[in-house]
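Visitor: Below you will find the structure I want to go over with you.
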Amino acid sequence: MLSDDLFAEAERQLNICNSCRYCAGYCPVWPALELRTQLTVTDVTHLSNLCHDCQDCFTACMYSPPHEFAVNPPQVFASVREETYGSYVWPAEPPAALRGRRGVLAAFLGSAVLVAVLALLMGESSVVDGSHTRSPYELIPHFTLAVIVLIPTIFTLLVMARAAWRYWRDIGGTLAGLTDLAAWTRTFGQAATLRHQTGGQEGCSYPDGEPAGARRRFHHMVAYGFLLTFVSTVSAFILETFLDSAPPYDVVSVPVLSGTIGGVLASVGCVGLLVLKRRADVLQSTESMRRADHALLWALLALMLSGLAVLVLRATPVFGPVLGLHLATVIVAFAIAPYTKFFHWVYRVLSIQYDNRESRRRASA
């Protein structure tokens with residue numbers, strides 16, 4: 001839950017916004033705020049995650065700094081979201097040895113050592129002398145490889161499901177709301193197109209205070225690139241499990257094409273967002289949230305580039321070491337996902353769903 005000081009500041013600013021209502025057409029946050037005359041912690045949490053950090057409200061606001069009212073919704077919403085991310089995951093923090101940059105580096109090195117030991121004990125010598133057939137199972141047997149990747153993946157999925165349910169319940173959502181297919185159709189359409197990051201259809205005032213669509217396009221590249229790499233993994237599983245077709249796969253195949261296109265898209269998107277963040281106004285966010293943004297983007301970039309390296313170098317003598325590094329990256333990325341901004345889309349989608357149901361009730365009243 002939110003700290004008392006943060007809630008008090010958010011309440012102060014949003015009460016000013018609720019009196020002004022100049023930004024009503026920018027995104028769904030402001031019409032939703034109009035329904036709330038007595039703000040609660042739940043309201044502020046919901047509105048902050050409904051916010052897509054477009055920042056048009058800050059640019060348009062006559063009461064933003066240096067005005068004495070110091071209204072800065074993007075910054076206060078970022079602070080609330082930051083506390084949200086730490087409130088709903090369990091355990092609330094990773095082990096002390098795995099916190100911060102040194103912790104992530106230690107986790108990566110530990111995973112790399114684990115993969116190397118397993119490869120030495122269970123792998124084939126062909127991955128060392130270069131005579132391999134480009135199959136990852138020459139490095140680590142299929143079952144062992146599945147286990148070491150599935151453990152952190154299943155952990156992350158369980159944590160995500162628990163966090164999603166707790167968040168939905170806390171903002172006032174019901175089981176009926178989770179099964180409202182009509183609302184979900186609208187919700188997924190808005191989330192998939194990032195409709196609420198358009199700044200009233202003119203583009204976000206990011207990063208230079210002028211309407212622009214670059215952030216939305218790069219965000220799409222990261223999201224859909226990541227989904228394509230997921231398609232690559234799932235299609236490879238289907239080919240092997242149900243069609244008895246083991247790797248390596250041809251260049252013109254679903255696993256390779258989707259993995260390559262997805263990896264390139266996501267990599268370009270990550271680099272683009274990192275460049276934009278260097279130009280962004282630091283007053284509209286918090287230092288810790290900026291670090292979280294950078295950490296997520298660099299982690300995704302490492303994941304994508306190492307995966308692309310496996311594809312490019314799979315016919316070379318360095319295939320084994322490169323695959324080992326990629327596997328270590330995958331293990332660490334999924335193991336620490338609950339403690340990064342990776343989960344932000346879960347809370348955002350749930351807030352969109354809640355808002356769509358609320359908007360429908362408001363329209364029919």
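Residue numbering: from 1, along the chain as shown.
Quick reminder: no glycine exception, Cβ is built from N, Cα and C everywhere.
Since this is a predicted model, take the numbers as computed values, not measurements.
Feature table excerpt (TrEMBL):
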DOMAIN    8-38  domain '4Fe-4S ferredoxin-type'
TRANSMEM  104-123  transmembrane segment
TRANSMEM  143-161  transmembrane segment
TRANSMEM  221-239  transmembrane segment
TRANSMEM  251-275  transmembrane segment
TRANSMEM  295-313  transmembrane segment
TRANSMEM  319-339  transmembrane segment
Visitor: Would you confirm whether the transmembrane segment (319-339) and the transmembrane segment (143-161) meet the contact rule of 3 or more C-beta pairs below 8 angstroms, pairs 6 or more apart in sequence?
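Guide: Output yes: the transmembrane segment (319-339) sits against the transmembrane segment (143-161).
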Visitor: Averaged across the domain '4Fe-4S ferredoxin-type' (8-38), what pLDDT does the model get? Just tell me the whole number, please.
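Guide: Averaged over the domain '4Fe-4S ferredoxin-type' (8-38), the predicted model reaches a pLDDT of 93.
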Visitor: Cβ pairs under 8 Å only, please: of the recorded stretches 143-161, 221-239, 251-275, which one is richest in them relative to the transmembrane segment (295-313)?
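Guide: By Cβ pairs under 8 Å, 251-275 leads among 143-161, 221-239, 251-275.
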Visitor: For a three-state summary based on DSSP, what are the helix, strand and coil counts in the domain '4Fe-4S ferredoxin-type' (8-38)?
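Guide: Looking at the domain '4Fe-4S ferredoxin-type' (8-38) with DSSP, the answer is 19 helix, 0 strand, 12 coil.
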